[in-house]
Amino acid sequence: MSNSITLEERGESFQPRPITSFVRREGRMTPAQKKALEHLWPRYGIDLGTGPLNLAAIFNRQAERILEIGFGNGESLLQQARAAPERDFLGIEVYRPGIGHLLLRLKAEGLENIRVIHGDAWEVLQRALPNPSLDGVQIFFPDPWPKKRHHKRRLIQPSFVDLLERKIKPGGWFHLATDWQDYAEQIKAVLSQHAGFNQLTNEGQSTQRPRTKFEARGQQQGHGVWDLRFKRSVDS
């Protein structure tokens, strides 16, 4: 018998995302990536049920837990998991080629402190993660949707920050990075209006975030980078 608790039993209701922040298309998968999804998913992947996940059972320990939303090919997750084996890392991604790439690397390196979820972060946060269960959340280079008419598709909106507030432990943190100044300004505006978060540091490149190949290419083209870190209030 399942002992999971539904949203309704937690006194919450499911709030569908008003509009998605991603386009459901993905590049071609290599044969190795397809094979990884078939054979390595049971080891590193998390299949979602109807209630919140038991993260202690999934990782077989109690540890600091960090969530990365939209991890791409998993480069930053891998670097952080290597550097901090005492931490557990969750990654959410909608694109299967990136997931397949990460699974292959996990097997090759023998890392056991990463688990992967395939799905929409909005739904995963609402349905699968207990309140509060995360010590930190990171979102690196989310789609900026640069055209003004598409700004409503940007992930960082007041309703999404409300959701994060429930999932991040008091005293935990929220770290974003973007190479679009306009998006950085929107993020600051949204978070500044939220009582649950306080901005922590300046906006230069963070030494606490791995520098990825994607970021390096952008900087070679003259793109700036805005790192924004916020602390989850202990009083809200």
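Placement of Cβ uses the backbone N, Cα and C atoms for every residue, glycine included.
Feature annotations, reproduced from Swiss-Prot:
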type     : residues                                       : note
ACT_SITE : Asp143                                         : active site
BINDING  : Glu68, Glu93, Asp120, Asp143                   : S-adenosyl-L-methionine binding site
BINDING  : Lys147, Asp179, Thr212, Lys213, Phe214, Glu215 : substrate binding site
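Structure coloured by features recorded in Swiss-Prot.
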| residue | record | Cβ contacts under 8 Å, 6 or more apart |
| --- | --- | --- |
| Glu68 | S-adenosyl-L-methionine binding site | Ser76, Leu77, Phe89, Leu90, Gly91, Ile92, Val137, Gln138, Ile139, Phe140 |
| Glu93 | S-adenosyl-L-methionine binding site | Gly70, Phe71, Gly72, Gly74, Ile99, Leu102, Val116, Ile117, His118 |
| Lys147 | substrate binding site | none |
| Asp179 | substrate binding site | Phe141, Pro144, Glu215, Gly218, His223, Gly224, Val225, Trp226 |
| Thr212 | substrate binding site | Gly72, Glu75, Ser76, Phe140 |
| Lys213 | substrate binding site | Glu75 |
| Phe214 | substrate binding site | Gly72, Glu75, Phe141 |
Reduced DSSP assignment, Phe214 (substrate binding site) = helix
Ask   = At the Cα level, what's the spacing in Å between Asp120 (S-adenosyl-L-methionine binding site) and the residue listed as 'active site', rounded?
value = 14
Query = If you count Cβ atoms within 10 Å of the Cβ of Asp120 (S-adenosyl-L-methionine binding site), leaving out that atom itself, what do you get?
reply = 18
Inquiry  = These are the recorded positions: Asp143, Glu215. Which one scores highest on other Cβ atoms within 10 Å?
reply    = Glu215
